[in-house]
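Trainee: In case it's useful when we look at the structure, here is the feature table from Swiss-Prot:
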{"type": "DOMAIN", "residues": "4-73", "note": "domain 'Sm'"}
{"type": "DOMAIN", "residues": "68-166", "note": "domain 'AD'"}
{"type": "MOD_RES", "residues": "Ser94", "note": "phosphoserine"}
{"type": "MOD_RES", "residues": "Ser165", "note": "phosphoserine"}
Amino acid sequence: MSEWMKKSPLEWEDYVYKEVRVIACEKEYKGWLLTTDPVSANIVLVNFLEDGRLSVTGIMGHSVQTVETISEGDHRVREKLMHVFASGDCKGYSPEDLEEKRTSLKKWLEKNHIPVTEQGDAQRTLCVAGVLTIDPPYAPENCSSSNEIILSRIQDLIQGHLSASQ
């Protein structure tokens with residue numbers, strides 16, 4: 001078993017967002033370590049290309065022999081890496097925005113005679129009729145239910161609510 005595989009996920013975390021050199025099965029890789037899989041020890045490396053594009057490389061954990069840090073990077077690199085897989089339309093919400101969206105949606109559902117409760121430690125998840133949940137940021141794609149009919153209807157209602165409130 002390689003030195004890399006013997007490390008714990010907490011030790012692997014020390015390499016995240018750093019530029020590293022990985023030796024794996026007689027091949028050498030260089031790049032910014034984005035993440036490691038805690039079960040398989042697989043590594044995801046990112047390289048920023050000159051034309052602005054990205055190169056993403058996955059390295060199987062069992063093939064990794066050594067990993068060494070080349071440079072620490074700065075906050076700009078870390079920011080870029082943190083948003084590598086975020087969709088272009090992904091935007092952050094402040095806690096106040098989320099509270100406002102949750103309250104607005106809950107009131108609207110209650111106004112339309114749909115039974116809704118809050119659940120979870122922070123009461124952030126809305127639960128509709130005990131069979132559907134809506135997580136922040138309370139959009140149609142944040143609904144989950146095993147009942148496809150209810151899921152579809154509630155998603156349509158939420159979409160209508162969002163369209164009307166804009």
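Glycine residues also receive a Cβ, built from the backbone N, Cα and C atoms like all the rest.
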Trainee: For the domain 'Sm' (4-73), what is the mean per-residue pLDDT, to the nearest integer?
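Mentor: On average, pLDDT over the domain 'Sm' (4-73) sits at 94.
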Trainee: Measuring Cα to Cα, how many angstrom lie between Ser165 (phosphoserine) and Ser94 (phosphoserine)?
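Mentor: Ser165 (phosphoserine) and Ser94 (phosphoserine) have their Cα atoms 19 Å apart.
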Trainee: With every protein chain in view, how many other Cβ atoms are within 10 Å of the Cβ of Ser165 (phosphoserine)?
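Mentor: Cβ-Cβ neighbours of Ser165 (phosphoserine) within 10 Å number 10.
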Trainee: Can you break down the domain 'Sm' (4-73) into helix, strand and coil residue counts using DSSP?
Mentor: 11 helix, 36 strand, 23 coil
Trainee: Measure the Cβ-based neighbour count of Ser94 (phosphoserine), defined as the other Cβ atoms within 10 Å of its Cβ.
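Mentor: I get 8 for this one.
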